[in-house]
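Peer 1: What TrEMBL records for this protein is below:
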type: DOMAIN; residues: 5-226; note: domain 'Radical SAM core'
type: BINDING; residues: 14, 64, 95, 155, 254, 255, 256; note: GTP binding site
type: BINDING; residues: 21, 25, 28; note: [4Fe-4S] cluster 1 binding site
type: BINDING; residues: 27, 68, 119, 189; note: S-adenosyl-L-methionine binding site
type: BINDING; residues: 249, 252, 266; note: [4Fe-4S] cluster 2 binding site
Ligand code: SAM
Ligand code: SF4
């Protein structure tokens, strides 16, 4: 079992397989040119897998593959099947913008993937084009249907923004409900990369909109799960991820691995340690030692919380793996 320096059990690894993305969401990476070819110096799947095996052997039982857009990484299904075959009962999921799911859903399912989280901020073409700075909605919705068709369990993630999708909160909820998927509304996290004009809806504002049409009650959730859950009278459950209100740090169970091999104990790069040399030389003991060191260094509270009076984090989600 992995325990950090503050007594928290860490059983969840988030792996970013690329910083790149085919969208330019205004709240995430709005200004990066589309022809951006960063010298990413990515770890290979074999190198990432070596470290993942170390983590699994030490007690990690939940892994999420993310990015950037993870489906841009060539042969992602092969990587999924490497992990799945090593530990078939692991809770293995990906987070995707859905744009390429039409082509990949079946292969991902066959590789052993069971769950995906898919981002969906709007059901309107012009708004989706505005937010992603590219015409994306048709592909995203086709990808979503394909994922359901092949039997993947899908959760939807919606960043709730004033003047953008506050008029669609109920539509999005009903869209998800009708298809038997949980939707989680995410409070916008201010950061220095995002467009200045964006203003997020806070959890109470989202709940007020839903209360105009539905009764709901608070539902049980795992302490380590970031989303607060609410149940409608008919039993349908939706979630809200509200970092402005909740301190997730006390029950934090996760660490993050970047595509370049930085093991990140929290939302910031500063404390990260590189596993690159260890995995490139097949040094399992060395990798395991770095894992323990990073857990020891895991801060009690994240810096974003500490900066709450002046909430403009330097962190972009695509860098540490959102
Ligand atoms: N590209 C994939 C996607 O969009 O689902 C995976 C990576 S993305 C960085 C992961 C999640 O972070 C998405 O659900 C996205 O909406 C969320 N996200 C990105 N920037 C955010 C911000 N500033 N505030 C809140 N959520 C954000
Ligand atoms: Fe890409 Fe996801 Fe960031 Fe949007 S939120 S720019 S889809 S990484």
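Any Cβ shown, glycine's included, is placed from N, Cα and C.
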Peer 1: Consider only the binding-site residues 21, 25, 28, 68, 249: which of them have a Cβ under 6 Å from an atom of ligand 2? Write none if no residue does.
Peer 2: 21, 25, 28, 68
Peer 1: Just the binding-site residues from 64, 252, 266 whose C-beta lies under 6 Å from any atom of ligand 1, please, or none if there are none.
Peer 2: none
Peer 1: Can you tell which of the binding-site residues 95, 252, 256 lies nearest to residue 28 ([4Fe-4S] cluster 1 binding site) in space, using Cα positions?
Peer 2: 95
Peer 1: How many Å lie between the Cα of residue 25 ([4Fe-4S] cluster 1 binding site) and the Cα of residue 266 ([4Fe-4S] cluster 2 binding site)?
Peer 2: 23
Peer 1: What subset of the binding-site residues 21, 119, 189, 249, 266 lies within 10 angstroms of residue 255 (GTP binding site) at the C-alpha level?
Peer 2: 266
Peer 1: C-alpha of residue 119 (S-adenosyl-L-methionine binding site) to C-alpha of residue 95 (GTP binding site): distance in Å?
Peer 2: 8
Peer 1: Which state, by DSSP, holds residue 249 ([4Fe-4S] cluster 2 binding site): helix, strand or coil?
Peer 2: helix
Peer 1: Are there binding-site residues among 64, 95, 254, 256 that sit within 10 Å of residue 266 ([4Fe-4S] cluster 2 binding site), Cα to Cα? If so, list them; otherwise say none.
Peer 2: 254, 256
Peer 1: Using other CB atoms within 10 angstroms as the count, which residue among the binding-site residues 249, 252 scores least?
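Peer 2: If we count Cβ atoms within 10 Å for the binding-site residues 249, 252, the smallest count is at 249.
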Peer 1: Between residue 68 (S-adenosyl-L-methionine binding site) and residue 21 ([4Fe-4S] cluster 1 binding site), find the distance joining the two CA atoms and give it rounded to the nearest Å.
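Peer 2: Checking the Cα atoms of residue 68 (S-adenosyl-L-methionine binding site) and residue 21 ([4Fe-4S] cluster 1 binding site) gives a distance of 5 Å.
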Peer 1: Specify the nearest of the binding-site residues 189, 249, 252 to residue 64 (GTP binding site), where nearness means the distance between Cα atoms.
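Peer 2: Closest candidate to residue 64 (GTP binding site), judged by Cα separation, is 252.
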Peer 1: Which of the binding-site residues 21, 27, 189, 249 has its Cα closest in space to the Cα of residue 256 (GTP binding site)?
Peer 2: 249
Peer 1: Roughly how many angstrom lie between the C-alpha atoms of residue 14 (GTP binding site) and residue 249 ([4Fe-4S] cluster 2 binding site)?
Peer 2: 16
Peer 1: Can you work out the mean pLDDT of the predicted model over the domain 'Radical SAM core' (5-226)?
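Peer 2: So the average pLDDT across the domain 'Radical SAM core' (5-226) works out to 95.
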